[in-house]
Amino acid sequence: MAEKRNIFLVGPMGAGKSTIGRHLAQMLHLEFHDSDQEIEQRTGADIAWVFDVEGEEGFRRREAQVIADLSEKQGIVLATGGGSVQSKDIRNHLSARGIVVYLETTIDKQVARTQRDKRRPLLQVDDPREVLESLAEIRNPLYEEIADVIVKTDDQSAKIVANQIIEKLGF
């Protein structure tokens, strides 16, 4: 890998973007960033608080700025927020600045992986499965639209998925 390329991980909540991203960055000797963690660092508050105080629109504005800033770097792996692809500007930005990897998973896996996580504001409802299904209907076509590579994450360890990504990218 002569030039430092950016790798952007997109996909739904619970697909494993952050965990897989850390492994991938380590294996490729790249810097790892997580857009949600970066928002928390910049605001000094957790994502749930940002949602409560600024609403989803305020959160999405912050997310767009963080992704724009981080994607200016060279040689990073960036785990994006699941809803970031709903912004056409962000989709264009990611496509232009690096390789987009869609981490695909089933609704069942999403439910299993997120059921105890109280830090996901959109899932703090009576029926999180219904929310995940609704989000998938909107977002999955957008993930597919910008993906250079699609990798399924069901029933595989983060390390195995990271290796599959490296193999598919030819690194």
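Positions of Cβ are set from backbone N, Cα and C atoms, glycine also.
For the recorded site, GLY16 (ATP binding site), the DSSP three-state label reads coil. If you draw a 10 Å sphere around the CB of GLY16 (ATP binding site), it holds 23 other CB atoms from the protein chains shown. Annotation comment: Swiss-Prot describes GLY14, ALA15, GLY16, LYS17, SER18, THR19, ARG120, GLN156 as ATP binding site, evidence class sequence analysis.
Long-range C-beta contacts of SER18 (ATP binding site), restricted to its own chain and to partners at least six residues apart, with a cutoff below 8 Å, comprise ASP34, ASP36, GLN37, ALA79. The Mg(2+) binding site annotation in Swiss-Prot covers SER18.
Residues annotated as substrate binding site in Swiss-Prot: ASP36, ARG60, GLY82, ARG139. Under a cutoff of 8 A between CB atoms, and with a sequence separation of 6+ in the same chain, the neighbours of ARG139 (substrate binding site) are PRO12, GLY82, GLY83, VAL85, GLN86.
A straight line from the CA of ARG60 (substrate binding site) to the CA of ALA15 (ATP binding site) spans 20 Å. Here the binding-site residues are THR19, GLY82, GLN156, and the one whose Cβ sees the fewest other Cβ atoms within 10 Å is GLN156. All protein chains considered, the CB of ALA15 (ATP binding site) has 27 other CB atoms within 10 Å. Binding residues for substrate (ASP36, ARG60, GLY82, ARG139) extend across at most 18 Å, taking the greatest CA-CA distance. Long-range Cβ contacts of LYS17 (ATP binding site) within its own chain (separation 6+, distance under 8 Å): LEU9, VAL10, GLY11, ASP34, ALA79, THR80, GLY82, LEU103.
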